Amino acid sequence: VSANEEGYDPIQWNTSTNTHPPWLRFHLGISRWQMYQQKDPNLSALTQQLASHRIVSAVQKSGGTQLKLVMSFPNYGQALFKPMKQERDEETNVNLYYFSDFERHNAEIAAFHLDRYQLSPGALGQLTSILGFRRMPPAVGRLINVIKEVKDITTDHKLVTTFFTSPVICSLSLSSVGNACFYGQCSYYCSTEHAICGRPREVEGSLAAMLPDESLAPRRSWRSPWRRSYSRSKLADWEKYSNYCDSVKKIPPYDRGTRLVDLIDMTILDFLMSNMDRHHYETFEKFGNDTFLIHLDNGRAFGRYSKDEPSILAPLVQCCRIRRSTLLRVRLLSLAPYRLSDVMRASLSQDPLAEVAPLLTEPHLSALDRRLETVLQTVHECLQQHQHHSDVIYDDIIDYRED
């Protein structure tokens, strides 16, 4: 990459980590078991840059079903931008199939907070984490000026052709008429009927740190054994056979190691935020089969708060297997001093967009508590079904007590 490109800072990095920009420290800090460390001092600097760093380039991300932009910063860092599609208090239409739902910017942000480890010091006593998986790239909210930070700087000519000014008269500015809008090109919701519009120029969105380029850190895509059929009439095998997990446990990589409980961790995360769209997951090839699952693409989460989707928990129900550390965390979050809704409310209040409105409405926060109780009840029923608790609980916590 040339250090003389217009708008970019001169590169002054060397082998010393102290000279690296936050995004590069994030990339180099990814390990076999987590996206970032338990108390990563770099995380704050990274999220701060995502929220405030000057944007020098914006192009549409190729592929995918909905509009997403890749934003570049002066230090060569990049982030994936998902714009606001619906108001926070709107629920997904009950008649809408999960594979044609909107991707929500606040869902990406809330998913990161639910998945991540560290809260600010003093938040809700001594609790320093939520689920503590740390398997999701950092994501923050930001207001983007669709003219100055997209149209005026993009080199994506196809994207530019989709800009227009809406006919509505803007009450916020007497000198302008209409809102600045664009819709891009994609499989779903890229049309004037589903345009992204500023108010009059700024639009909310989520910015998630990009993972290392696949040419440097190749990733493998895995089809989830509990993938939905994505058919309006056909059921998947796991929906037809209650003993489906018995066959999964005979297939590599689910026949050994932690892959099955890793997937059940992801299942619990998805059930809490009501994400039905987990058809695939990814891992870094470098680490082989013994590594964490990357929790990507959470935009279809938090669509409904009035209804829970029990089918998401099918891997936990059918396999009756859970990490001890995950079970302890879930139990802790059910206690009054550390109630999940309270922890999430406190964590999300730190996001820049919380100044505009809470990232999750109170009904969504209440739904988290309700779903957490369902997870605990499911584990309780599993323990009753098995004579030995070790058949249900995978003990991943090393006992350091001396003899």
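Any Cβ shown, glycine's included, is placed from N, Cα and C.
Nobody curates TrEMBL annotations by hand; they come from automatic prediction.
Residues or ranges marked as active site in TrEMBL: Asp277. For Asp277 (active site), the number of other Cβ atoms no farther than 10 Å from its own Cβ, over all displayed protein chains, is 19.
Marked as ATP binding site by TrEMBL: Gln66, Lys82, Glu103, Ala208, Ala209, Met210, Leu211, Glu282, Asp297. Taking Cβ-Cβ distances under 8 Å and a sequence separation of 6 or more, the neighbours of Gln66 (ATP binding site) in its chain are Lys85, Phe102, Glu103, Cys186, Ser187, Tyr188, Tyr189, Cys190, Gly299.
What TrEMBL records for Glu103, Asp297 is Mn(2+) binding site. Sequence-distant neighbours of Asp297 (ATP binding site) (same chain, six or more apart, CB under 8 Å from its CB) are Asp277, listed in sequence order.
Residues annotated as domain 'FAM20 C-terminal' in TrEMBL: 175-390.
Between the binding-site residues Ala209, Leu211, Ala209 has the most other Cβ atoms inside 10 Å of its own Cβ, all protein chains included. Among the residues the record lists as binding ATP, namely Gln66, Lys82, Glu103, Ala208, Ala209, Met210, Leu211, Glu282, Asp297, the two farthest apart have Cα atoms separated by 20 Å. All chains included, 25 other C-beta atoms sit within 10 angstroms of the C-beta of Glu103 (ATP binding site).
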